[in-house]
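Below is one structure, written out as structure tokens, with a few remarks after it.
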Amino acid sequence: RSPLLEVKGNIELKRALAKAPSRLPLPGSRLKRGPDQMEEDLEPEKKRTRGLGTKVATSRPRATALTTVPQTQGQTAVPKVPRKTGPRCSAAIATATAAPPVVGRKKPSKRPAWDLKGQLCDLNAELKCCRERTQMLDQENQQLRNQLREAQQQATALGTERRTLEEELARMRAQAEQGQRELGNLSTRVLELEERLGTQEGLVQELQKEQLELQEERRGLAAQLEEQERRLQASEAALSGSQAELASLRQEAAAQADLLAKREERLHGLEMERRRLHNQLQELKGNVRVFCRVRPVLPGESTPPPGFLLFPSGPSGPSDPPTRLSLSRSDERRGTLSGAPAAPTRHDFSFDRVFPPGSGQDEVFEEISMLVQSALDGYPVCIFAYGQTGSGKTFTMEGGPGGDPQVEGLIPRALRHLFSVAQELSGQGWTYSFVASYVEIYNETVRDLLATGTRKGHGGECEIRRAGPGSEELTVTNARYVPVSCEREVEALLHLARQNRAVARTAQNERSSRSHSVFQLQISGEHAGRGLQCAAPLSLVDLAGSERLDPGLALGPGERERLRETQAINSSLSTLGLVIMALSNKESHVPYRNSKLTYLLQNSLGGSAKMLMFVNISPLEENVSESLNSLRFASK
């Protein structure tokens, strides 16, 4: 038999043994029975024995039941019986052991209760039958145990043989799989070699084809080489001519370089002449100039009566820019003898330039752009905006809200002009740098409007000092000096300054500036090629509102603070007027130190500095008194 058939037979034999019902006791069990188990085993025998006898009538009273002795040391207890035995007991035992019960036989009659000896004989007979049956079952159990042991030994042998065969089968299968893999690898290798062979054959064909092409190309190159040699000879001939031409071009380039140097020198001379003439022109116009600007009537304001403000034409007619302004004022306290009101009084003023209400920001800046150019040329320039609260000073200097280019003020326009011209002059060798600062003077205290973080509001820490020993340049201690190079940086500084500036509500305006704001731009230029340098400050000042005090007005705590502010403002404005008059009269002493404002701006007011004051007035008739005061101050 083959090993596979033997394994299959062993498996079928084990399945048959597993399915057969086993009559063996459970492993580890013992045939130890107690009194209760013995009674249960004897109960069927009693029933069979009783079924064999005849039925006997029970005419005697029942006797008490026999008591059982408890089991001791593994022995089965038996009931107590009397020592006397008789023929009835022997007959009963013989009857019980003679033959097994027969189906259909009448059950033996139950012994009466008084027949204890008969009952004992019946029990002894049943006990004997049970012992014989137990002995027979023990023999059968021993035989089955022996058979089981043999079957287990045979199963163990078959299992060992099966495992051996399974290992051999697994080994044979592994060998077969290894052989299949080797066969597959060899097949793959054969295919790869065939593919490489085909590739090599194709490559050989391509190389042969390429060899033919290279041979053809070599012949073409040989022909081209001959052509190039002919062209080289022609080029050498042309090169000799080009070298001669190059020599002449070098001589011409040297002449052009000399001419360019002369033109650059002439251009530099023209630039310096332009600066000189420009400065002379500004000096002829006046180092101290005054412009007047009348703001338009705002929505919600009453329209002034006709003839309240007049702008007479210049000598050449309406084509000339207006330089005069006429303001009429009626006084109800004055009258004629007939009781009729007196004629209004007209006040005429003349300035360097007058801007009617319809003048735009671009027109205003066009008039002062030449002054801004002077600052780039190295001359100090200072521009003021003067007037009562609500007359348009801040609008003139900084512009309106919303970022509209049409309403931009003088500060952003001036810096845009400076950046543009500096970019143009960089082509001539000039490099410029700009450093901005923005402070306010509130109650004769200097505050930094560009302060951020924890430094906000600490204006008392700022003081005006000389930049160094023997230096004429003034600086503000603890103030921020920010380098700027584009318009966006300037807009950010203006936005920060608007947030920090001291404003309060007055009778003239809901949001009134209660301090002088001073925007200073330090301009430094250098021409490295010629060793030239220039530096000048450009100061753009938005003065506080110039309202007069009412001495008879009863003031509370808040109004007293406004009163002190107004006194400080008017004192500094008065000092500014005295300084300008002293400069105009060329007096030996100029009272710069009488005010923080004039002390800070002294380098932008005297000497070759150019100064321009905008006097801003309101077009409303109700403000005629303050407008006249502003116009008179500007006329001085």
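A Cβ is built for glycine as well, from the same backbone N, Cα and C atoms used for every other residue.
What TrEMBL records for 21-63 (among others) is region 'Disordered'.
If you look up TrEMBL, you'll see 127-287 marked as coiled coil.
The domain 'Kinesin motor' feature in TrEMBL is assigned to 287-636.
Residues or ranges marked as region 'Disordered' by TrEMBL: 303-349 (among others).
Marked as compositional bias 'Low complexity' by TrEMBL: 308-317. Remote same-chain partners of the compositional bias 'Low complexity' (308-317), defined as residues 6 or more beyond its termini with a Cβ less than 8 Å from a stretch Cβ, comprise 294, 323-328, 354, 356, 619, 621, 624.
The ATP binding site feature in TrEMBL is assigned to G387, Q388, T389, G390, S391, G392, K393, T394. In the structure as shown, the Cβ atom of G392 (ATP binding site) sits within 10 Å of 19 other Cβ atoms.
Take the binding-site residues G387, G390: by the count of other Cβ atoms within 10 Å of each Cβ, the lowest one is G390. In sequence order, R295, N616, I617, S618, N623, S627, S630 are the residues near S391 (ATP binding site), counting only same-chain partners six or more apart with C-beta under 8 A. Predicted-model confidence for the coiled coil (127-287) is 90, expressed as mean pLDDT. Under DSSP, the residues of the compositional bias 'Low complexity' (308-317) split into helix, strand and coil as follows: 0 helix, 4 strand, 6 coil.
Other Cβ atoms within 10 Å of the Cβ of T389 (ATP binding site) number 25 in total over all chains. T394 (ATP binding site) counts 22 other C-beta atoms within 10 Å of its own C-beta, drawing on all protein chains shown.
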